[in-house]
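Asks: Annotations per TrEMBL:
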type	residues	note
DOMAIN	B:54-255	domain 'ABC transmembrane type-1'
DOMAIN	B:326-533	domain 'ABC transmembrane type-1'
TRANSMEM	B:12-34	transmembrane segment
TRANSMEM	B:54-78	transmembrane segment
TRANSMEM	B:90-116	transmembrane segment
TRANSMEM	B:136-158	transmembrane segment
TRANSMEM	B:231-256	transmembrane segment
TRANSMEM	B:291-312	transmembrane segment
TRANSMEM	B:332-350	transmembrane segment
TRANSMEM	B:362-388	transmembrane segment
TRANSMEM	B:408-428	transmembrane segment
TRANSMEM	B:461-482	transmembrane segment
TRANSMEM	B:515-534	transmembrane segment
Amino acid sequence: MSVIRKLAALGLAVSTLGGVAQAEELVVYSARQDHLIKPVFDLYTEKTGTTFKYITDSEAPLLARLKAEGANTPADLLITVDAGNLWQAEQQGVLRAVDSATISANIPAKYRSADGYWTGLSLRARTIAYSTERVDPSELSTYEALADEDWAARLCLRTSRKVYNQSLTATMMESIGVERTTEVLQGWVNNLATPAFGDDTALLNAIAAGQCDVGIVNSYYFGRLEKADPSFPVKLFWPNQQDRGVHVNISGAGVTAHAKHPDEAVAFLEWLTTEEAQRVFADVNQEFPANESVAPSEEVASWGDFKRDDVNVEVAGRRQAEAIMLMDRVGWH
Amino acid sequence: MPLPSIVSKPQWRAVAYAGAVLVLLPLLVLALSWNSLDSTIWNHLLETQMARLLGNTLVLAIGVIVGVVLLGVSLAWLTSLCNFPGRRWLDWALMLPFAVPAYVLAFVMIGILDFAGPLQTTLRGWLGSDFRMVSIRSTGGVIFVLVLVFYPYVYMLARGAFLAQGRGLMEAARILGHSPWQAFWRVALPMARPAIGAGAALAVMETLADFGAVSVFNYDTFTTAIYKTWYGFYSLQTATQLASLLLLFVLLALYAERRAQGSKRFPGSDKPRQGPLFQLRGVRGWLATGYCLLVLAVAFIIPLVQLFYWLFTSGSDFDERYWSLIRNTLTLGGIAAVTTVVVAMLLVLARRLQPIRRVRSAVALANLGYALPGSVLAVGIMFAFSVADNQLVVPLQRWLGVESPAPLLLGSLFALLLAYLIRFMAVASGPLDTALARIRPALPEAAHSLGHSGVSVFWRVYLPLLMPGLLSAGLLVFVDVLKEMPATLLMRPFGWDTLAVRIHSLTAEGNWPEAALPAITLVATGLLPVIVLIRRSAQSVGRGNAH
């Protein structure tokens, strides 16, 4: 019996090659890409000595992994790139409520979960991009106007499978109602110049090349292309400035329900909302800091100021399934 | 003389069942997902999506099958049975596209051929800005790219079959009055049919499981519905239900294919082929060269050129982590290749030696993993292991007195390797099956009658004759694991990022030019095994049959 015990113990010891986590290490599951989070992690490590172990993947698999691991999960934090996904994580019980005065003070309530399960860290606007060669900005006004016949065969969209479009639809439904949104989306689909693209960069390049004249993209994709080529013949337009404002979405994080280092995780999350971190977090991807006292980078500021949609980003999650079904019904692939 | 004892040993049955159970474990999770139905989602899917998705998937599958068979068989025929200028190096060069993952070829092709890409932009410059041509982002485009990616499966297996057929057979056909064409249609092709079928089956299963390439194209298939249900509706349960339906279709299709094929076996001939049979002279020779070069250019050379162009004109992704990326990629590939081939060999042998229906079914089930999208398989394993961790491992640790019991199976290297094993079992089985079928039953029977025991027969008869097949299988699995992305993403332990993971990181955000470096590195890593694979298979077919 004792021989078996020893052998089994040996086997277990050998297989535990990961080792025991030290107190100064945080484990992060991130849907935000590696090269966008590493700079922030490195900065924090320099500052405090805490090291990071992280895995990157899309949100749904990360969530599935968190649920499968349950109470045994090594993850301390979850970072995502869409509000809907954070809301979903909250619903599935993998996050814990954090009551932090720092976070509440730094981040506006509309970018945070009502009960403190997660907080936004940076914002991206999903807005209209137009060709500077073929479109005068005075022709543009609202998202809804893109459904007009004037834009027939001139519109490019990204796939409805991408969560960014689902969140846009969800918040639109919340603001103007399901029926009107259905009309608008149907109009968009009718105006498509080419089948929907798999990503925003290809969409922007299509506008530049002349395949279409307008499209709806996330601001930072435009930022990247503009940075690479300042003479890029496309510009951003901020729609709906007379009513609800531009749709914004967040990239944010939450502390996991079964975090092994909850205090360190909360400390890190709080630090992420401070100016020092916000600057790096947002600037590395040309996003807007969620902390409104932090100014965006120069390049981002050069796109102009704009009115943002005030709706709580949670809506993106609550109405995501509804939005997808709507998009399916109007034939937006 | 009674039947050799090895045939009736129940060990082989146990092996087959054990292999099947291992593979079935995650599939069981799929089956268990049917315990309740989300009617809202199902109704929505059936009303708005199903018809279109099934149509798309069917068209894609048929298109790919027709394409890879036409391309693979024609190329295999030319390089293995005909002689023409450049045959010697085109022979193995035509296998090179195998090193390119489908998702890489997808974004490269779209990058080159789409409206905003270099080809159309140049043409618009010459022919006026109103010039329009057929769009790559269409059903035809997806089929085009997937055929170019997957034809190597058919090419390799068909070529092996043609080479193994021996000179005598074709000469006999010619003597009996057949023209080369007729000899091909009536003799060579039917005898190669099992190999061609195996290659086409691999190609179509990969097509059905593919998510990376069809996402770049934004082409909706049944598999993308699985992901949409999971990522969008957050109903993992419905997603696994859809995945189990997918597997059911595949199972039925494979069963139908087997029935149609019958139980024909074509053992190798006595004399290996010495050299090519048909000399293509003059124009016909150059046409053949041109055809092969065209395929090679479109499937491999031009995409590489585009990747290198992106590499040199955009910011490099290179950093000190590249070495660990390469090291991880190679390590995972190597270990997975060895384990998968060993298990596949055991299963294939079990089926040959104990050919009762239950064993055959068990082995067939074990091959199903290939048609399963990588993420779904990974989720199945994750859940199976999470249960095992909670019910077995953690209590076991407590019993042993470990202080803070932690789950070991979930998130471990073992789980990832198991995922590779299940996923690529079919890839290893194909060449092993073909190699095993070429061993004439007389050989082991003769060994038995000479008094050798079962194990001895294995080491001295089966293993040497299987060695070429084992090597092929190992190299195939190695390259496939190199290219694998979804399961690796989900199940990799910390610090085990691979090149495929890096490519995903960059292409997920539309950063195609930055993805050029990891893409080229990945292709380069897979090139050497591919070249070794194809060159060995030519030599060793001859060796394997000589006695």
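Cβ atoms here come from the backbone N, Cα and C positions, even for glycine.
Provide an account of the burial state, proximal residues and distances for the features listed.
Replies: Packing against the transmembrane segment (B:54-78) from elsewhere in the chain are residues 84, 87, 94, 139, 142-144, 146-147, 150-156, 158-159, 162, 184, 188-189, 192, 196, 199-200, 203-204, 207-208, 214, 219-223, 288, 291-292, 295: each is 6 or more residues past its ends and has a CB under 8 Å from a CB in it.
Residues 75, 79-80, 135-137, 141, 144-146, 148-153, 155-156, 206, 210, 212-217, 289, 292-293, 295-296, 299-300, 302-303, 306-307, 310, 479, 483, 485, 500, 503-504, 507, 512, 515, 519, 522-527, 530-531, 533-535, 538 of the same chain lie 6+ residues outside the transmembrane segment (B:90-116) yet bring a C-beta within less than 8 angstroms of a C-beta in it.
Nonlocal intrachain contacts for the transmembrane segment (B:231-256), taken as residues 6+ away from its ends with a CB within less than 8 angstroms of a stretch CB, comprise 27, 29-31, 33-34, 36-38, 41-42, 201, 204-205, 208, 222-223, 225, 364, 367-368, 371-373, 376, 379-380.
The list of residues near the transmembrane segment (B:291-312) in space but at least 6 beyond its ends in sequence, with Cβ under 8 angstroms from a Cβ of it, reads 71, 74-75, 78-79, 86, 90, 93-94, 96-97, 100, 104-105, 108-109, 111-112, 148-149, 151, 512-513, 516-517, 519-520, 523.
Sequence-remote contacts of a segment are chain residues at least 6 beyond its ends whose Cβ falls under 8 Å from one of its Cβ atoms, and for the transmembrane segment (B:332-350) they are 12-13, 15-16, 19-20, 22, 359, 362-363, 366, 416-417, 420-421, 424-425, 427-429, 432-433, 436, 458, 462, 466, 470, 473-475, 477-479, 481-482, 488, 496, 498.
If you look at the transmembrane segment (B:362-388), the same-chain residues 6 or more away from its ends with a CB under 8 A from one of its CBs are 16-17, 19-20, 22-30, 202, 205-206, 208-211, 223, 226-227, 230, 236, 239-240, 243, 246-247, 250-251, 254-255, 258, 347-348, 350-351, 407, 409-410, 415, 418-419, 422-427, 429, 484-491.
Proximity of distant same-chain residues to the transmembrane segment (B:408-428), defined by a Cβ-Cβ separation under 8 Å and at least 6 residues beyond the stretch ends, is recorded for 22-23, 26, 201-202, 205, 332, 335-336, 339-341, 343-345, 347, 366-370, 372, 374, 377-378, 381-382, 385-386, 388-389, 393, 473-474, 476-477, 480-481, 484, 487-488, 491-493, 496.
Long-range Cβ contacts of the transmembrane segment (B:461-482) within its own chain (Cβ-Cβ under 8 Å, at least 6 residues beyond either end) map to 98-99, 156, 160, 329, 332-334, 336-338, 340-341, 344-345, 349, 420, 424, 427-432, 434-436, 438-439, 443-444, 447, 452, 498-500, 522, 525-526, 529-530, 532-533, 536-537, 540-541, 543-544.
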Asks: In terms of Cβ proximity under 8 Å, which residues at least six beyond the ends of the transmembrane segment (B:136-158) contact it?
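Replies: Sequence-remote neighbours of the transmembrane segment (B:136-158) are 56, 59-60, 63-64, 67-69, 71-73, 75-77, 94-95, 97-98, 100-102, 105-106, 109-110, 113-114, 192, 195-196, 198-200, 202-203, 206-207, 210, 213-214, 217-219, 295, 298-299, 430-431, 434, 472, 533-534, 537.
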